[in-house]
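I have placed the structure first, in the form of structure tokens, so that the comments after it can refer back to it.
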Amino acid sequence: MAAKIVVSLACMVVLLGLSEAAVYKVGDSAGWTTIANVDYKLWASTKTFHIGDTVLFEYNPQFHNVMRVTHAMYRSCNTSNPISTSTTGNDSVTLTNHGHHFFFCGVPGHCMAGQKLDLNVIHPVSSTPLSDPPISSSSSPSTTTIPAAGVPGPSPSHAASLPSVVAAVVSLLVSLVFAKFAS
Ligand SMILES: *[C@@H]1O[C@H](CO)[C@@H](O)[C@H](O)[C@H]1NC(C)=O
Ligand SMILES: *[C@@H]1O[C@H](CO)[C@@H](O)[C@H](O)[C@H]1NC(C)=O
Ligand SMILES: [Cu+2]
């Protein structure tokens, strides 16, 4: 029983990853830049990022780069110790864990000018493929109720009600048979 549940949960996670993997170009047609005055906070707020999705930073590497940083460094535009730096001009980042991911351009002044991005990847079990209403896509990671994975499974109430359902079906069949013989 438990093994079955684990397997079906694992399948669900895999399906989620496969069905929802998307590629988002940061800043859409404007790309990763300071010229167009893109509001990257607004851009990110219009998307729902899932594990397995990819964000693509496209920019002229002569003028910009991409630094992945901590929240503290993001807030202060501190470029001294980035987690990683990309400089190809066409950098894709696959999102492999949930929570916030912080990026900015490390060229002096660019982060301060707004070339910074905070992506929030929602928790994988907060959305299910079939049973959830669309509202869930705009929900915050606060929906961490794990049983919301939609498994119609072995909660104590279900387990207890199963024998009574069987009993009801059996008694219905018995009464039908008796009714047939009696007529
Ligand atoms: C930037 O962060 C480093 C630690 O990573 C710290 O030593 C330095 O003081 C910070 N600089 C500023 C201007 O906050
Ligand atoms: C950037 O990389 C993506 C794949 O990561 C590719 O599909 C795209 O064609 C590349 N764009 C440029 C301008 O090289
Ligand atoms: Cu820049």
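Just so you know, glycine gets a Cβ as well, placed from its N, Cα and C.
For 1-21, the entry in TrEMBL reads signal peptide. The domain 'Phytocyanin' annotation in TrEMBL covers 22-123. According to TrEMBL, the feature compositional bias 'Low complexity' maps to 130-147. Among the features that TrEMBL reports, region 'Disordered' is placed at 130-154. Annotation comment: TrEMBL describes 162-182 as transmembrane segment.
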Run through the domain 'Phytocyanin' (22-123) and tell me, per DSSP, how many residues are helix, strand and coil.
15 helix, 33 strand, 54 coil
Confidence summary (mean pLDDT) of the domain 'Phytocyanin' (22-123):
97
